[in-house]
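Chemist: Pasting in a structure now, in structure tokens, and then I'll have a few things to ask.
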């Protein structure tokens, strides 16, 4: 009985929803008008840097640092009867960051509530109020509403803040419960923060694929999915000569191309302060070297009758196995660095499970036929 062609079950990893950009405009606060801020925030001065941090939500961020490693932040946003948050993250993700969160019950002249949170997960119980790793200066936190805007101000003491800021807004019309536990945010965004220069990039919304996620998806689909499938085609379908060869080359070429594009995109990320980044980068370079060796080996492939063909086969097969092993390990390391949800682990793990079972069945069939 002919072996059936198996299909990849992994392509539907996750879906992302898109919401329309809000059309509200900011007429009561801007970087050129600081009167309201100076009257509301005791530690504010005209020396603060200012930028439109997240235009779709009307976020304006003012910040400054002093010689004693004290960083001061003032975040303002349109009042929507929802909480606002600013977090400090090692990788641009909410999970694992510490955040200052504030809200008020009215948009005019109301002193609100602010707390620090450690965002340990995506459920309210994972983010208890009064936790976090920020060294907040005592009595520096201010949360107040005025003229339909909400102002959250605080100071922290730190040698060098985390390389990313994350912003979030809660669901409109839904404030945190009386015990301070948060509901899931309506939207979030992240921005890189260079503590040496004090420069903060434009916020990138959490909805959709950012560059880091595109990098991960390209490498995962290329070297984590297609290349392993191409190996099965070469190992178990040689009776369909020459179709197995063209299938193997086609699949590996596409897989190598996607992985290469992902690696190039990954070099542009340069998140040196992220935990395990150097390890992830080193593994990626090793995988790239293995891939280039395979391409070189293909171009220098000796004839089947050549005496060195058996050495070429040994080299080609084992470099391929090393590339697959390194790729799988690095994919899981990348998912950990990005603090991705369990669905990514489950999805890729399910693919690997199907791949291993398929390989075992085909290997058993291969040996059984060899004994005939």
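Just so you know, glycine gets a Cβ as well, placed from its N, Cα and C.
Quick caveat, the model's predicted, so the values are computed rather than measured.
Residues or ranges marked as signal peptide in TrEMBL: 1-23. The domain 'DOMON' annotation in TrEMBL covers 57-170. Positions annotated as domain 'Cytochrome b561' by TrEMBL: 176-371. The heme b binding site annotation in TrEMBL covers 215, 248, 280, 316. If you look up TrEMBL, you'll see 217-237, 249-267, 282-299, 319-338, 344-362 marked as transmembrane segment.
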Chemist: Let me spell it out: take the transmembrane segment (319-338), skip the flanking residues so only those 6+ beyond its ends count, and list any with a Cβ under 8 Å from a Cβ in it.
Modeler: 91, 93, 212-213, 216, 219-220, 223-224, 227-228, 231, 259, 274-277, 279-280, 283-284, 286-287, 290-291, 293-294, 297, 344-345, 348, 352
Chemist: By a Cβ-Cβ criterion of under 8 Å, what residues six or more beyond either terminus of the transmembrane segment (282-299) are in contact with it?
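Modeler: Cβ under 8 Å, 6 or more out: 219, 223, 249, 252, 256, 259-260, 263, 266, 312, 315-316, 319-320, 322-323, 326-327, 329-330, 333.
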Chemist: Can you tell me how the residues of the domain 'DOMON' (57-170) break down into helix, strand and coil by DSSP?
Modeler: 4 helix, 58 strand, 52 coil
Chemist: Please give the heme b site's span as the largest CA-CA distance among 215, 248, 280, 316, to the nearest whole angstrom.
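Modeler: The heme b-binding residues span at most 28 Å between Cα atoms.
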Chemist: With a 10 Å radius around each C-beta, find which of these binding-site residues (215, 280, 316) has the fewest other C-beta atoms nearby.
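Modeler: Least crowded of the binding-site residues 215, 280, 316, by Cβ count within 10 Å, is 316.
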